[in-house]
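Worksheet for the structure shown next.
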Amino acid sequence: MKLEWLFLTIAPCDAAEPWQLGFQDAATPMMQGIIDLHHDIFFFLILILVFVSRILVRALWHFHYKKNPIPQRIVHGTTIEILRTIFPSIIPMFIAIPSFALLYSMDGVLVDPAMTIKAIGHQWYRTYEYSDYNSSDEQSLTFDSYTIPEDDLELGQSGLLEVDNRVVVPAKTHLRIIVTPADVPHSWAVPSLGVKCDAVPGRLNQISISVQREGVYYGQCSEICGTNHAFPIVVEAVPSKDYGSRVSNQLIPQTGEA
């Protein structure tokens, strides 16, 4: 029991936990960049908080009305005016430069991805199409992914987060995800992967990811698309050497039965 608890405490956090205040563990370079940017900005915020708090406390302590019944009137100070103009201008620059760099890297499109998956949102399930396995227009590797009802959950599965068919992808491989809806606006968002792509009716949006470690990653629709709008997304990253057999054993029989 102790070993099991130790494993749970050191295992990567790839799904939301009760009372969780921080980020989920990063599984892609994009998510790691988001976390690093957050920490860098938070560092500047702490410095500003300490500096402003010190000035405020010092002013309240030294310029109390009991110590200075007649306050000194200062109507102009060139030095302080220059400093309070320059420093607030420099700080946003330090924040903006890495922010724009991360933003452009997240919006980058792969010219030749190793694999393409199409995610089609419905009310309230998803259809996934592995475009690279399409042999013809009539026959394609396509399957539906539904939320597992709480009464059908097995031991170890998360309520409101588990699906019957997961999206299986190879780890450490450049992937392209094409997102589109079949009815109303949806969204394809997985926090551990650092992706959130809106599905707009009549449009095809795409994102590029590269999952750096094996694991199961949970997400949910982040658009209010109806009663069950938070229907989940489950991405399972497997080793590249096992990916072919995993797809042929799990996904292809399911599509054949459908």
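Residue numbering: from 1, along the chain as shown.
Cβ from N, Cα, C; glycine included.
As given in Swiss-Prot:
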- 1-39: topological domain 'Mitochondrial intermembrane' (TOPO_DOM)
- 40-61: transmembrane segment (TRANSMEM)
- 62-85: topological domain 'Mitochondrial matrix' (TOPO_DOM)
- 86-106: transmembrane segment (TRANSMEM)
- 107-258: topological domain 'Mitochondrial intermembrane' (TOPO_DOM)
- HIS186, CYS221, CYS225: Cu cation A1 binding site (BINDING)
- CYS221, GLU223, CYS225, HIS229: Cu cation A2 binding site (BINDING)
- GLU223: Mg(2+) binding site (BINDING)
Rounding to whole Å, the Cα atoms of HIS186 (Cu cation A1 binding site) and GLU223 (Cu cation A2 binding site) are apart by 5
Excluding HIS186, CYS221, CYS225 themselves, the Cu cation A1 site's Cβ centre has within 8 Å the residues GLY121, GLN123, TRP124, PRO181, VAL184, PRO185, SER187, ALA199, SER222, GLU223, ILE224, GLY226, HIS229, PHE231
Given the Cu cation A2 site CYS221, GLU223, CYS225, HIS229, its other Cβ neighbours within 8 Å of the Cβ centroid, in chain order, are GLY121, TRP124, VAL184, PRO185, HIS186, SER187, SER222, ILE224, GLY226, ALA230, PHE231
Counting Cβ atoms within 10 Å of each Cβ, the densest environment among the binding-site residues HIS186, HIS229 belongs to HIS186
Same-chain residues at least 6 positions away from GLU223 (Cu cation A2 binding site) with a Cβ under 8 Å from its Cβ, in sequence order, are PRO185, HIS186, SER187, ASP198, ALA199, HIS229
Averaging pLDDT over all residues of the topological domain 'Mitochondrial matrix' (62-85) gives 76
